[in-house]
Amino acid sequence: MSNQHTLLVSNLLPVGSNISTWWNFGSMLLTCLALQTMTGFFLAIHYTANINLAFSSVIHITRDVPYGWIMQNIHAISASLFFICIYIHIARGLYYGLYLNKEVWLSGTTLLITLMATAFFGYVLPWGQMSFWAATVITNLLTAIPYLGATLTTWLWGGFSINDPTLTRFFALHFILPFAIISLSSIHIILLHNEGSNNPLGTNSDIDKIPFHPYHSYKDMLMITSMITLLFIILSFSPNLLNDPENFSKANPLVTPQHIKPEWYFLFAYGILRSIPNKLGGTLALLTSVAILTTVPFTHTSYTRSMMFRPLSQALFWTLIATFITITWTASKPVEPPFVTISQTTSIIYFSFFITIPLLGWAENKMMMMNN
């Protein structure tokens with residue numbers, strides 16, 4: 001009975017003794033979520049969701065509100081740290097075969113999509129030049145849907161162009177979606193602890209478990225402290241490091257930026273969208289670039305769960321990481337040679353990973369059987 005008591009959960013939660021630092025990113029993500037929720041609430045108090053006042057209200061927050069510049073910069077920088085942590089978290093899951101816990105993986109993918117939607121709505125709110133044009137380009141993709149496209153776009157905009165109703169509903173969505181993220185995170189954690197965390201070897205952890213506290217809780221605290229230190233270093237020395245310079249100008253529908261792009265953490269998906277010279281094809285590729293993660297648990301063919309003992313799969317995995325970084329880089333560049341060619345090539349390699357890895361798993365099984 002005492003083992004079930006909530007006060008003793010941190011003491012008695014059994015965890016595999018060999019889980020590495022890659023398992024700390026879940027707690028770092030929760031820290032980012034807490035930071036975002038708190039700073040977001042205080043920013044919402046002073047923000048005005050009106051196209052004539054939004055830009056001025058952000059300036060008012062940074063200049064006139066006590067510690068407003070700290071809240072605004074923490075909110076912006078921790079959004080970037082949030083995505084860095086979540087991409088590492090997903091990469092860890094792919095490398096160590098954690099996707100075989102299907103419920104946890106699929107709830108996590110749903111979380112990622114919700115998070116991306118929330119970040120997109122938030123990017124529009126300052127009503128800067130790049131915010132406005134990125135919103136115009138991305139929402140305009142809905143017109144690629146046959147028959148319903150134009151109606152859906154007009155419905156989303158609240159008119160025939162991005163205007164005051166669009167900003168108001170984007171603010172409402174940006175405010176409400178974090179609560180959906182908190183709920184989904186709770187489901188994600190409950191599902192994870194229902195079966196228990198895996199380990200780098202991909203074996204059953206039941207034979208060797210230790211209490212979560214103090215062994216892993218201190219490790220979590222070290223990584224969280226390191227992340228918050230990095231956050232404050234960026235905040236203190238280069239707060240606009242991850243911002244787009246175009247967003248220091250108020251949105252102007254009559255002037256198009258030379259190169260429209262979203263925030264850096266969406267560039268991989270935007271690069272895939274841009275590499276296809278067809279609107280519907282690009283939109284489908286954009287959606288598939290994230291949705292393809294849901295297929296991974298169902299296409300696993302290897303007898304071994306983790307990639308730790310599969311050198312061929314490891315090579316393919318690191319190719320995927322290099323591809324992801326390259327797509328992000330090319331998407332930040334103008335649409336001109338050689339960036340278009342590089343973007344198209346890396347997009348093909350990105351999708352090829354998800355097709356090749358099951359075939360490679362099957363080939364590795366054959367090699368293992370031959371050796372035996």
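Every residue gets a Cβ built from N, Cα and C, even glycine.
Swiss-Prot lists 25-45 (among others) with the feature transmembrane segment, giving similarity to another entry as the kind of evidence. Within its own chain, the transmembrane segment (25-45) has Cβ neighbours under 8 Å at 61, 71-72, 74-75, 78-79, 81-82, 85-86, 88-89, 92, 175, 178, 181-182, 185, 189, 220, 223-224, 227-228, 231, counting only residues six or more beyond its boundaries.
Cβ atoms under 8 Å from those of the transmembrane segment (69-90) belong to residues 22, 25-26, 28-29, 32-33, 35-36, 39-40, 42-43, 58, 61-63, 108, 112, 115, 119, 122, 227, 230-231, 234-235, 239, 241-243, 263-265, 293, 324 of the same chain, restricted to positions at least 6 beyond its ends. Feature annotation from Swiss-Prot assigns transmembrane segment to 69-90 (among others); the stated evidence is similarity to another entry.
A C-beta separation below 8 Å, combined with a sequence spacing of at least six in one chain, links HIS75 (heme b b562 binding site) to LEU35, GLN36, THR39, GLY40, LEU43. HIS75 (heme b b562 binding site) falls within a helical segment according to DSSP. The heme b b562 binding site feature in Swiss-Prot is assigned to HIS75, HIS174; the stated evidence is similarity to another entry.
A 10 Å cutoff on Cβ-Cβ distances gives HIS89 (heme b b566 binding site) a total of 19 other Cβ atoms nearby, all chains included. HIS89 (heme b b566 binding site) carries a helical DSSP state (H, G or I). According to Swiss-Prot, the feature heme b b566 binding site maps to HIS89, HIS188.
As annotated by Swiss-Prot, transmembrane segment applies to 105-125 (among others).
Taken from Swiss-Prot, the feature transmembrane segment covers 170-190 (among others). For the transmembrane segment (170-190), the residues of the chain that approach it from at least six positions outside its boundaries are 26, 29-30, 33, 36-37, 40, 44, 47, 49, 104, 107-108, 110-111, 114-115, 117-118, 121-122, 124-125, 135, judged by C-beta separation under 8 angstroms.
Every protein chain considered, the tally of other Cβ atoms within 10 Å of the Cβ of HIS193 (ubiquinone binding site) stands at 13. Feature annotation from Swiss-Prot assigns ubiquinone binding site to HIS193.
What Swiss-Prot records for 218-238 (among others) is transmembrane segment, and it gives similarity to another entry as the kind of evidence. Same-chain residues lying 6 or more positions outside the transmembrane segment (218-238) and placing a CB less than 8 Å from one of its CB atoms are 21, 24-25, 27-28, 31-32, 35, 70, 73-74, 77-78, 81, 85.
Marked as transmembrane segment by Swiss-Prot on the basis of similarity to another entry: 280-300 (among others). A Cβ distance under 8 Å defines the sequence-distant neighbours of the transmembrane segment (280-300), meaning residues of its chain 6+ beyond its ends; these are 90, 94, 97, 99-100, 102, 105-106, 109, 112-113, 116, 141, 144-146, 268-270, 272-274, 347, 350-351, 354, 357-358, 361.
For 312-332 (among others), the entry in Swiss-Prot reads transmembrane segment, with the evidence type similarity to another entry.
The feature transmembrane segment is assigned by Swiss-Prot to 339-358 (among others).
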Residue numbers, six or more beyond the limits of the transmembrane segment (339-358), whose CB comes under 8 Å of its CB atoms: 268, 271-272, 274-276, 285, 288-289, 292, 295-296, 299-301, 313, 316-317, 319-320, 323-324, 326-327, 330-331, 333
Rounded inter-Cα distance in Å - HIS188 (heme b b566 binding site), HIS174 (heme b b562 binding site): 21
Cα-Cα distance linking HIS174 (heme b b562 binding site) and HIS89 (heme b b566 binding site), given in Å to the nearest integer: 23
Rounded Cα separation (Å) that holds between HIS193 (ubiquinone binding site) and HIS174 (heme b b562 binding site): 29
Cβ-Cβ neighbours of HIS174 (heme b b562 binding site) (radius 10 Å): 22
